[in-house]
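Annotation source Swiss-Prot lists ATP binding site at GLY38, HIS39, SER40, GLY41, ALA42, GLY43, LYS44, SER45. Residues or ranges marked as domain 'ABC transporter' in Swiss-Prot (evidence: sequence analysis): 2-241.
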Amino acid sequence: MIQFQRLHKSYSVDGRQIVALHPLDLRIGPGEVFGIIGHSGAGKSTLIRLINRLEEPSGGRLLIGEEDVTALDRQGLRALRRRIGMIFQHFNLLSSRTVAGNVAFPLELAGTPRAEIDARVAELLARVGLQEHANKYPAQLSGGQKQRVGIARALATRPQILLCDEATSALDPQTTASVLQLLAQINRELGLTIVLITHEMDVIRRVCDRVAVLDAGKLVETGPVTEVFLHPKHATTRRFVSEAEHVDEAELHRDFAAVGGRIVRLTFLGNGTYEPVLGRIARETGVDYNILSGRVDRIKDTPYGQLIVALTGGDHNAARAGFVAAGVQVEELRV
């Protein structure tokens, strides 16, 4: 368990106090993949770097388990950092070392015997699919391969927590998907707690269990990804979701003016996503429908669907009751 208790961070610049992170309270459960999303300057990198005290907090407390990280001395901090791995946007690999040498580096710093290092490096390169690249140098690798080396290096000391600082931002979409699949596999197989920061809601949707949304250094929304993604409350969250779904809300509302009837958003979650609920209820209630927008996808392993439909004729109240009885969430957009 990682607990932020009124943790905050400020800087002094030319005699002025700049607040990077306002006091916040947050809990991240053991074994979770927890996402932190925000635009540039929102405070997300500051937040993740407070966990291993690469940034020193200005106040508040940070607990990992029962240990108060904010109270650790230098020796305690070194021990903590061996339990926390970190991967970076631009990989931070040592260009003069081979792939195997980069993965071995934290073990060498820890004084691990050579035989153990060699065995651990071989194990980790197999895990990230780079066995055949052990003797290559970073300059000979693709971006995705470099990030896999970074992941292997971060796992070298068998950490309990893995911090991912914009780990996919420098990668193309296909490589991003493969790296996210690898992180999800590591989470499942090793039970690591993963804290991932990004400015892309699609990354959150694919891999995270819960998410926190930061805006101008403030925590504005948090919750399970299914809830936050499908029913965003804060304006910043709604913008992120619209960008992920490639929906122009203003354009969509202009389209509403061209159609009559009651406009609703229907949200299907789980196996019900694939059931012919809309057609059945239309037949039962005499309601006609016009689909204005639709999407079927997955949030991590959970299928979901969203339709925006215009309903005309028939019994609207009976239709709404039928949707609710079928487990479909109904949001009135225009009555």
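Backbone N, Cα and C atoms are what each Cβ position is placed from, and that goes for glycine too.
Within 10 Å of the C-beta atom of SER40 (ATP binding site) sit 7 other C-beta atoms, taking all shown protein chains into account.
Those same-chain residues not listed among GLY38, HIS39, SER40, GLY41, ALA42, GLY43, LYS44, SER45 yet with C-beta within 8 angstroms of the centroid of the ATP site C-beta atoms are HIS199, LEU214. DSSP assigns SER45 (ATP binding site) to a helix in the three-state reduction. The binding-site residues considered are GLY38, GLY41, GLY43; of these, GLY41 has the fewest other C-beta atoms within 10 angstroms of its C-beta.
Note: HIS39 (ATP binding site) has non-local neighbours HIS199, ASP215, THR236, i.e. same-chain residues 6+ apart with C-beta under 8 A of its own C-beta.
For LYS44 (ATP binding site), the count of additional Cβ atoms within 10 Å of its Cβ stands at 25 [all protein chains shown]. There are 24 other CB atoms within 10 A of the CB of ALA42 (ATP binding site), with all protein chains counted. The average pLDDT computed for the domain 'ABC transporter' (2-241) is 93. For SER45 (ATP binding site), other Cβ atoms within 10 Å of its Cβ number 20.
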